[in-house]
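Remarks on the structure that follows.
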Ligand code: UDX
């Protein structure tokens with residue numbers, strides 16, 4: 001009998017994981033405490049924009065025409081406990097309000113609600129990003145609360161998916177890391193992931209703390225890489241260098257590589273910023289705070305990018321935003337996502353608005369979310385409408401749509417032809433030819 005899987009929490013991670021497991025041939029039951037989300041997912045739709053996810057759901061959600069019927073959703077903990085051999089916990093772990101630490105309340109409540117129903121052998125697999133030490137604590141909780149006692153085990157299996165590539169990253173991961181306390185747990189997870197492993201994905205078996213740390217360390221490294229190149233951008237601006245050329249040149253060294261060296265307004269989103277802060281907080285609790293003090297600097301270089309962008313824009317407008325119209329292209333924290341959580345683009349737009357600028361934002365997919373977070377900003381229906389009459393245009397999220405804009409057409413409607421590229425992603429020559437002044441971050445002479 002193939003294993004039956006459940007997925008608890010159907011956000012970015014859970015919805016994608018559930019659909020991907022059905023795609024791999026398993027029967028899957030997804031649970032969310034939000035009835036609206038369950039209703040939407042049961043129609044094969046998602047509350048988020050993630051390329052390919054709706055199609056994958058449509059291929060498997062029960063009752064949809066032509067679907068495999070292997071995937072369904074519920075709000076019932078009892079149903080989930082009775083159904084599953086393996087339960088994946090995919091709930092979110094946001095930053096605590098007003099402090100650096102990780103808010104574990106969703107994880108804790110998922111375990112507390114599931115465990116009392118576990119009356120038969122099962123493996124509970126945590127996928128959420130958690131402070132190191134959580135798995136050992138949660139394993140104890142399961143032993144205490146699950147009626148099946150020792151027959152219920154815990155494993156940790158961090159998820160490395162990127163928004164915008166969630167489907168691809170889940171179906172073809174770079175590596176699978178499992179933190180286990182028994183051979184049985186390992187062999188169940190080998191069975192779950194036999195598909196990707198057969199395609200050559202490395203399967204790494206670790207203990208609980210290492211598996212938890214792999215995820216936080218990976219995100220800390222990525223954040224550090226971005227802040228490193230952004231620190232170089234600061235130096236380039238003072239020294240008259242070109243950070244894009246510098247990144248290209250150092251990236252040719254295989255040990256450094258080209259990826260994650262794009263200087264600009266920095267990183268945001270629901271993961272990197274809160275994960276490095278939670279990592280610092282946890283290291284502090286463990287008495288290892290000195291080891292991670294550099295992450296404080298990584299965080300401050302990153303936050304400085306946003307204010308620097310605001311300063312560049314103010315400078316370009318002669319020292320004040322009052323009475324000036326600012327077009328902002330991009331609201332999401334990265335392209336191919338509708339996520340505006342801790343978005344550098346929206347933060348810059350908000351700062352300028354608070355300093356008296358008349359800001360008009362356009363984003364291909366993030367408008368609804370941006371409006372919810374920042375209802376007082378102006379919003380346009382297209383890039384062209386946002387730019388109409390603007391004194392300056394800020395390119396803040398590198399959507400393909402923006403690279404394909406016609407600078408000559410925009411020049412016709414713009415008030416003034418000033419462009420600031422906060423992502424070092426537009427073709428400077430093309431914009432200049434159309435009469436724009438082009439300025440990018442970390443490239444004073446570009
Ligand atoms: C990240 C990790 O990549 C992923 O492995 C983890 O599971 C979750 O966190 P994600 O938040 O989806 O994924 O975005 P990512 O592609 O890593 O980008 C993060 C931020 O860094 C974005 O705001 C992006 O614009 C910025 N970034 C990225 C840069 O500023 N420069 C770069 O060179 C690369």
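Easy rule for this one: first residue shown is 1, then count along the chain.
Positions of Cβ are set from backbone N, Cα and C atoms, glycine also.
Pulled from TrEMBL, these are the features on record:
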| type | residues | note |
| --- | --- | --- |
| ACT_SITE | 271 | active site, nucleophile |
| BINDING | 32, 37, 93, 129, 163, 274, 341 | NAD(+) binding site |
| BINDING | 160, 161, 162, 163, 215, 260, 261, 262, 263, 264, 268, 334 | substrate binding site |
| DOMAIN | 327-428 | domain 'UDP-glucose/GDP-mannose dehydrogenase C-terminal' |
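Distribution of TrEMBL features across the structure.
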residue : record                   : Cβ within 10 Å
32      : NAD(+) binding site      : 24
93      : NAD(+) binding site      : 21
129     : NAD(+) binding site      : 25
160     : substrate binding site   : 17
162     : substrate binding site   : 15
163     : NAD(+) binding site      : 25
263     : substrate binding site   : 28
268     : substrate binding site   : 24
271     : active site, nucleophile : 26
274     : NAD(+) binding site      : 23
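Note on proximity: of the recorded positions 162, 261, 263, 271, the one nearest residue 129 (NAD(+) binding site) is 271, by Cα distance.
Only 268, 271, of the recorded positions 162, 268, 271, have a C-alpha within 10 angstroms of the C-alpha of residue 341 (NAD(+) binding site).
Sequence-distant neighbours of residue 37 (NAD(+) binding site): residues of the same chain at least 6 apart with a C-beta under 8 Å from its C-beta are 10, 47.
In this structure, 160, 162 are the binding-site residues from 32, 93, 160, 162, 274 whose C-beta falls under 6 Å of some atom of ligand 1.
Ranking the binding-site residues 160, 162, 261, 263, 268 by the distance of their Cα atoms from the Cα of residue 274 (NAD(+) binding site) places 268 first. Closest by Cα distance to residue 162 (substrate binding site), from the recorded positions 32, 93, 271, is 271. Ranked by CA distance from residue 160 (substrate binding site), the recorded positions 32, 93, 271 have 271 at the top as the closest. Here the Cα atom of residue 268 (substrate binding site) is found 12 Å from that of residue 163 (NAD(+) binding site). Nearest by CA distance to residue 32 (NAD(+) binding site), out of the recorded positions 215, 261, 263, 271, is 271. Cα-Cα distance from residue 163 (NAD(+) binding site) to residue 263 (substrate binding site): 19 Å (rounded to the nearest whole number). Take the binding-site residues 215, 341: by the count of other Cβ atoms within 10 Å of each Cβ, the lowest one is 341.
Cβ neighbour count for residue 261 (substrate binding site): 20 (other Cβ atoms within 10 Å of its Cβ, all protein chains included).
Looking only at Cα atoms, residue 93 (NAD(+) binding site) sits nearest to 271 among the recorded positions 215, 261, 263, 271.
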